[in-house]
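A.B. asks: Residues annotated as zinc finger in Swiss-Prot: 72-93. Here Swiss-Prot flags CYS74, CYS77, HIS89, CYS93 as Zn(2+) binding site.
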Amino acid sequence: MQPASLAGISCTIFENLLKDYTHELTQTVHKNAKLSLQKCPACNKHCRQYCTKPGYDIYGNSVQTPSNVPYYSCLMCKREIAASRYAAHLEKCKGRSLSNATSYSTLFEDDNADEED
């Protein structure tokens, strides 16, 4: 059966590409699933299996949840801040963010220029 129009040809090409891609993807997933069940010939362990323990990622590393993220007390306002946000908070808390420092220095330079004239 020959497609009569450009749309028919395009649809046929797309269907063939999609079928080939889907077939290749399912074969790859099936192969990886089968290999993950076998023991590794080098170390005689299940190296390819994913960790399924709760609280761990797929590699077996502990996942930090909000309850076990370390918190530090701010030196200025004494609030508890997460370790990942501490530097940014301290910078804002002291009022020395880059934008503020730049604007203050330009204002200071402008004032000095006016006094010299």
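Yeah, the Cβs are placed from backbone N, Cα and C, and that goes for glycine too.
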A.B. asks: Counting other Cβ atoms within 10 Å, pick out the least crowded of the binding-site residues CYS74, CYS77, CYS93.
C.D. replies: CYS77
A.B. asks: Could you say whether, by DSSP, CYS93 (Zn(2+) binding site) belongs to a helix, a strand or a coil region?
C.D. replies: helix
A.B. asks: List the other residues in this chain whose Cβ sits within 8 Å of the Cβ centroid of the Zn(2+) site residues CYS74, CYS77, HIS89, CYS93, in sequence order.
C.D. replies: LEU75, MET76, LYS78, ARG79, ILE81, LEU90, LYS92, LYS94
A.B. asks: List every residue in the same chain as HIS89 (Zn(2+) binding site), at least 6 positions away in sequence, whose Cβ is under 8 Å from its Cβ.
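C.D. replies: Non-local contacts for HIS89 (Zn(2+) binding site): CYS74, ARG79, ILE81.
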